[in-house]
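Below is one structure, written out as structure tokens, with a few remarks after it.
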Amino acid sequence: MLKLVKELKHVEEDEEEKVIIQPSASSRHKFMLEGEKAKLEHPRRILWKWLFSYLKPFRLKFTLFLCLLLIGTVITSVTPLLTASIIDNGIIKGNTNYIWGMSRIYLFLMIFMAISNYISLFGMGKISQKITFYIRNDLFFKLQTFSLNSFDKRSSGDLISIATNDVTILNQLVGGQFIQIITNIVLITLTVIFLFILNPFLALISLLIFPLSFSIGAIFKKVAIKLFKASRRAIGKVTSSIQENIAGAKVMQAYGQEKRASSEFDEANKENYNIMIKIRKYMATLFPLLTLVTVILTAIVLLAGGFAALGNVSIFGITVSVGVLSAYIAILGQLFKPFLSLMQIQQVIEAAMAASDRIYSLLDEKVEILDTKNPKDFVDIDGDIKFETISFGYTINNNNIKKTIKTHPYVTAQSKSENIKKQKNVVQKIESMSMDRIITPERILMMVEGLERNLRSSNKPQQSGGMDNEGGGMMGGNVDQMSPQAIIRMLASISIPIEIYEGIPNIIKDVINEQKKLIEHEKSKGYILKDFSLKVPAGTTLAIVGETGAGKSTLIKLLARFYDLNKGKISIDQIDIKKALKKDLREKIGIVPQDAFLFTGTIRENLLYAYEDPTPEIEEKMINISKFLGLHNFIETLHRKYDTKLKENGSNISIGQRQLIAFARALITDPKILVLDEATSSVDPYTETLIQDALNKARQGRTTIIIAHRLSTIKNADLIIVLSSEKKGIIEQGDHESLIAQNGIYKRLIEMQHSDFTYSD
């Protein structure tokens with residue numbers, strides 16, 4: 001498993017490095033790491049215009065602060081001239097009045113520069129923070145308008161990175177780097193001018209610092225890029241190892257693999273250590289070498305200027321005085337730092353452009369699901385639902401799959417024909433599986449272990465046979481004979497219990513989720529549902545069963561208008577859901593998903609999440625519903641009761657308790673349409689009994705839709721429909737007894753699930 005994470009991490013990093021190099025090095029080292037120009041989706045002119053639009057409200061203050069900084073820069077560049085004048089005209093000539101007068105001017109200028117720098121730097125920092133604040137606000141508000149289809153196009157990691165890392169890069173540019181570039185250019189320009197004014201001969205010697213430093217930087221740059229790329233990969237391995245072992249701690253301890261995990265982490269950590277030692281050695285060589293160049297040039301200036309001053313020699317008609325010589329030494333000292341800073345201009349600008357491009361792409365994305373301008377009243381409804389010849393297919397973004405799920409280097413030894421044969425065998429096995437067939441946790445863990453063993457068979461040709469071999473494995477197959485693509489596809493095709501799923505590293509979860517979408521897309525050949533029609537009278541309990549990808553959850557997403565139809569119409573109480581405000585529509589639908597999400601906060605805050613300012617009546621309702629679900633007794637045993645803090649996604653309570661809280665949260669809003677989307681698939685039998693008992697009471701007076709994982713939960717439904725991905729719609733419908741009598745797909749599902757139902761042939 002760890003090896004797969006490492007390989008996937010490599011792929012992601014390689015793709016990132018093709019765009020722009022952003023090594024984790026200190027800013028003083030970045031100038032060596034200028035990569036290729038960022039590959040942008042939008043013209044740079046548009047991006048600069050967009051970025052400066054945030055600066056427009058502050059343009060007067062920004063200009064004022066910039067002028068103050070430039071004044072400070074001018075003062076910095078002229079101070080060596082003042083000291084030269086004090087030495088030549090005051091100290092050497094013994095003119096105390098001149099020394100006193102110029103010293104006061106020098107002191108005044110230093111105080112003024114300190115004050116102006118404080119005002120300008122604080123002001124610039126404040127402006128940059130405001131810009132960051134507004135950009136993040138715009139991003140967050142934009143995300144609130146996204147449909148689920150928009151989220152499908154991007155991974156959560158990308159969105160988080162854009163809202164944090166990319167905005168931080170822009171903050172650094174506006175708040176410091178942009179100003180630093182301007183002031184450094186002005187400082188270097190003035191410094192060079194003053195060098196030539198003081199003595200052209202010494203100026204020419206001093207300017208040798210530029211070609212020499214560029215040459216050294218160019219030589220070391222090639223080595224630096226390789227080292228920092230290797231460093232990123234190494235730290236990625238360390239991070240992946242830590243993440244995997246924290247997430248999979250239960251599985252690791254259950255199999256007694258602590259020693260192996262420690263060994264794998266030690267290997268990754270040592271690799272990172274060795275690379276960092278090389279980087280430290282490299283830095284310890286480069287910067288002293290650049291400093292040595294400056295020292296040698298300073299020594300040459302001292303030597304040439306010293307002899308010229310002692311011999312009173314005129315060079316180009318200009319003599320070198322002691323004051324001029326001291327000014328040169330001071331100027332050379334202040335020239336080196338801004339010069340190094342300017343050497344990283346390209347890297348700074350390219351990083352900012354890449355960040356701007358990603359942010360702008362997100363902000364510029366079209367809102368797919370809009371509210372109607374003239375909404376209909378949707379306050380008092382009964383819950384009568386009608387699907388009228390609807391068709392729908394997901395718009396899948398396969399870039400992540402193509403980028404991540406590649407033929408693994410360890411598997412390429414086998415011939416293409418063997419690999420293709422195995423892939424076909426796997427697909428056939430998967431597609432011939434029963435709908436939502438229950439795979440035990442042990443078998444899922446065998447899959448994971450089989451995936452790891454497969455990837456460990458480095459450069460060893462694999463035998464053909466794939467899933468057709470005899471002997472253990474899942475569904476009669478040998479996991480070791482499957483390619484990583486096939487195993488990932490299988491993992492995406494089965495129902496994984498939450499406790500097992502939570503132990504899978506995030507990067508593999510993303511791949512599995514993307515593969516699930518791809519499977520749905522492949523099965524539907526463009527459509528998940530096609531010309532689907534169904535009437536659900538108010539107060540009816542509808543149960544939906546079907547294979548993975550048949551469109552069970554899709555129906556609910558369409559009903560709540562998380563996606564819009566390709567064609568057709570969905571109405572509630574004869575009102576087209578597109579004619580209602582999304583907020584009004586979703587207030588009438590209570591959804592209890594399989595993977596109920598709980599926010600970090602108290603139990604009370606999670607239960608009352610739908611209410612911004614809950615009244616005492618709502619609080620009382622919360623307690624009554626908690627009692628109704630059998631949740632209240634558990635909460636009362638906690639130290640802080642309803643004010644008990646939940647950790648991230650309720651990790652400090654059981655899965656069953658999480659599901660009960662999610663069920664209660666839905667019921668508190670008193671929805672006219674209640675949806676349970678495989679809500680009991682991962683809970684213990686006791687919690688399942690509580691939910692089923694509560695559901696039998698809660699469904700009275702409201703339309704209820706149950707998507708079944710455990711078929712025992714749907715026996716008492718008024719109407720049961722069986723969906724097929726091949727037919728893209730309903731293949732059987734009726735109540736439980738009538739469907740059993742049909743002796744069709746539904747009956748075979750019952751038999752396969754080994755349910756507790758009893759029925760007659």
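Each residue, glycine too, has its Cβ placed from N, Cα and C.
The domain 'ABC transmembrane type-1' annotation in TrEMBL covers 64-351. Residues or ranges marked as domain 'ABC transporter' in TrEMBL: 513-752. Per TrEMBL, region 'Disordered' is recorded for 455-478. Summarising the annotation, TrEMBL assigns transmembrane segment to 62-87, 99-121, 178-198, 204-224, 286-309, 315-336.
For the transmembrane segment (99-121), same-chain residues at least 6 beyond its ends with a Cβ under 8 Å from one of its own Cβ atoms are 65-66, 68-69, 71-72, 75-76, 78-79, 82-83, 85-86, 89-91. Beyond the transmembrane segment (286-309), the same-chain residues lying 6 or more positions past its ends with a Cβ under 8 Å from any Cβ of the stretch are 28, 32, 199, 201-202, 205-206, 208-209, 212-213, 216-217, 220, 315, 319-322, 324-325, 328-329, 332-333, 336, 340. Outside the transmembrane segment (178-198) by six or more residues, the chain places 66, 69-70, 72-74, 76-78, 80-81, 84, 124, 206-207, 324, 327-328, 331, 334-335, 338-339, 341-342, 345, 348 with a CB less than 8 A from a CB of the stretch.
Per-residue pLDDT, averaged over the domain 'ABC transporter' (513-752), rounds to 84.
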